[in-house]
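Quick look at what TrEMBL lists:
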type     : residues : note
DOMAIN   : 8-340    : domain 'Major facilitator superfamily (MFS) profile'
TRANSMEM : 12-35    : transmembrane segment
TRANSMEM : 47-68    : transmembrane segment
TRANSMEM : 75-91    : transmembrane segment
TRANSMEM : 97-119   : transmembrane segment
TRANSMEM : 131-154  : transmembrane segment
TRANSMEM : 160-181  : transmembrane segment
TRANSMEM : 217-234  : transmembrane segment
TRANSMEM : 254-277  : transmembrane segment
TRANSMEM : 284-302  : transmembrane segment
TRANSMEM : 308-330  : transmembrane segment
Amino acid sequence: PQGIGSPSVYHAVIVIFLEFFAWGLLTAPTLVVLHETFPKHTFLMNGLIQGVKGLLSFLSAPLIGALSDVWGRKSFLLLTVFFTCAPIPLMKISPWWYFAVISVSGVFAVTFSVVFAYVADITQEHERSMAYGLVSATFAASLVTSPAIGAYLGRVYGDSLVVVLATAIALLDICFILVAVPESLPEKMRPASWGAPISWEQADPFASLKKVGQDSVVLLICITVFLSYLPEAGQYSSFFLYLRQIMGFSSESVAAFIAVLGILSIIAQTIVLSLLMRSIGNKNTILLGLGFQILQLAWYGFGSEPWMMWAAGAVAAMSSITFPAVSALVSRTADADQQG
């Protein structure tokens, strides 16, 4: 048997929860190790690490998506989770190797893309915005308690225990995919499909960009995504380091900030998103989310007091509705066998 039960959104959310819960445990230890490893260039090296990871993800995502459309999602869930979590045990073994492997792991660190394709396979079009919201909310839920747990265990028992626990949870996630997750594309899983050719055009990210211009709707969506996530990715890669090193937050305060932001994001991506999609529609929901994002980024940038960071965090939670709303819109423009 391929897994336990029929493919469902719940299989996808468990995969996401376990992966990011493991990484959430390492939030406080990573900030400390990053500063200790690169004391004079902390922000620069953090940016380079995340930049290389992002570039490699951009180059590999079309190939992984194309292959998952032919060979199915399960094997690529396994691949992406394994390589995304591979750096975790290296934190205490060698910090330099830890950050190097994080950078290189970008080749396969596209779990969200494969999970969203998995969800698209098993849901109707009208159900996807809610399903995507649930997946995004699960990501937020995984970060509600894990940074606080990691900070507490690190302070009481040392960071080595935190790394061991995070590694164990990552292994649990891999075992869950192997044993419990059923394939969402059974009709595509033919023995001959493993020999099906994948053209260079499918694997070439720049060819994908050229095809974007052939459909005006897809082009506008892609421009929206690029302009939205360019500042968002920059903020996400450095913000918790900024709170710790510049704003003077303690490890416990950073963990509490992430927890509050996570709880508010869960509410926004489930209840609020569902209400907005039904009342004002897909496009206006995206516009509203982008409006909150503008306010959030400006508030973070100009804020100079800790309370301003907390207030901006509440706005940031509302801006999180953009991601599932855009994903739902994208899924409507792709054929059933091209969701990856």
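Cβ coordinates are placed from backbone N, Cα and C, and glycine is handled just like the others.
All annotation found in TrEMBL is predicted automatically rather than curated by experts.
Per-residue pLDDT, averaged along the domain 'Major facilitator superfamily (MFS) profile' (8-340), amounts to 83 for this model. Comparison of 47-68, 75-91, 308-330 by number of C-beta pairs under 8 angstroms to the transmembrane segment (97-119) places 47-68 first. Taking Cβ pairs closer than 8 Å, the transmembrane segment (284-302) reaches residues 224, 228, 231-232, 235, 239, 273, 276-277, 308-309, 311-312, 315-316, 318-322, 325-326, 329 in its own chain, all 6 or more past its ends.
If you count C-beta pairs under 8 angstroms between the transmembrane segment (131-154) and each of 12-35, 75-91, 160-181, 254-277, 308-330, the highest count goes to 12-35. The stretches the transmembrane segment (217-234) and the transmembrane segment (308-330) meet in space: the count of Cβ pairs below 8 angstroms, excluding pairs fewer than 6 apart in sequence, reaches at least three. The stretches the transmembrane segment (254-277) and the transmembrane segment (160-181) do not meet in space: the count of Cβ pairs below 8 angstroms, excluding pairs fewer than 6 apart in sequence, stays at fewer than three.
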